[in-house]
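Input: a single structure, listed below in structure tokens.
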Amino acid sequence: MRTPTLRTAVAALLLCLLASSCTTFSSEGRDRYHRTDGKPSASGKESESAKPELPYDIRPLLKPEKKYLGMSADGAPASLKPVKDFAAKGGKRPNLVEFYSAWGDQYETKLVQNAWDYGALSFIAWEPMKTSLAKIAAGKSDKYIREYAQSVKELNLPVAINFAHEMNGFWYPWGTKHATAKQFTAAWKHIHGIFEEEGATQVIWVWSPNVTHPMPQVRLEPYWPGDTYVDWVGVIGYYAAGGPHTYRSLYGPTMAQIRGFTKKPFIIAETASQAGQRKPADITDLFTGTAARDDVIGFVWFNYDKETDWRITSGPASQATFRKHARDPRYGFDVTKVRSP
């Protein structure tokens, strides 16, 4: 149940969203949207008979020849119905499915397996809501992290993990109001180190800042853990009514700043367009802008009706525009068939 403080946070965040394309969730986080049925499985034993002998080689997935067409929707991928519905209405099967997991949740092997069986890579937003980055870096969560890494290794399927997204914003417990850049990088490196110790090499590590224009005074480089610890740069930014409406103005300044310290590939880790007359144009801009850049490997569409209708089906023109651009052969590929030579 929300407290008055949380109601205030939600109201403040909504104003931030409408004005500056920041994230769409309150300090409660997104965990209550990430599944609708079942409990997380503690291990990948159900898939042992199908596991390859060697650890899954993620390298071909890091910068594929074609673009990822990703989505996130209520209940997916615990249920594949929202994924299949998105494919039917959007004109192409998504090959990247994002869901949100609270710190303390076990690795959700059922969800990862469901997405993989469908032909999609899972993308987990791992949210440390109830602990601090300083405590993580100090080893207070080591048992949990180690068990999580062991489950990743046992399942032996590739997975993208985005830890403590939008760290340059103020709206999360790990953001600028409650943690420093030094604490963020220390926690990131500590988690990464435990995964390496456990041999959980199946992870694509995604570093995800919010676009910088809502808080231009927060520099991103101090939050960068280093090329050794990151595989993708997952920029988060929405086409909101009061914010930028071109790919260049929405993402360009953030990407330019990041290119000052890394050449890692970009993915638009969370985006959508606010319902309204501009939405078809925004969708066109997203597809064409992503296709035009070789260093952007795709995007994840936030397909929710929350505060505003972000879904691709919010209007017939929006849906038709999405379907038109999704037919572009540069988007979509079967992640399960991309292998090393």
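Glycine is no exception: its Cβ is also placed from the backbone N, Cα and C atoms.
Here the structure is a predicted model, which means the values were calculated and not measured.
Copied from TrEMBL, the annotated features are:
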ACT_SITE  E166  active site, proton donor
ACT_SITE  E270  active site, nucleophile
COMPBIAS  28-38  compositional bias 'Basic and acidic residues'
COMPBIAS  45-54  compositional bias 'Basic and acidic residues'
DOMAIN    49-335  domain 'GH26'
REGION    28-54  region 'Disordered'
SIGNAL    1-26  signal peptide
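Cα-Cα distance from the residue listed as 'active site, proton donor' to the residue listed as 'active site, nucleophile': 11 Å (rounded to the nearest whole number). Each of the active-site residues E166, E270 was scored by the other Cβ atoms within 10 Å of its Cβ; the lowest score goes to E166. For the domain 'GH26' (49-335), the model's average pLDDT works out to 97.
In the three-state DSSP reading, the residue listed as 'active site, proton donor' counts as coil.
A strand conformation is recorded for E270 (active site, nucleophile) in the three-state DSSP classification.
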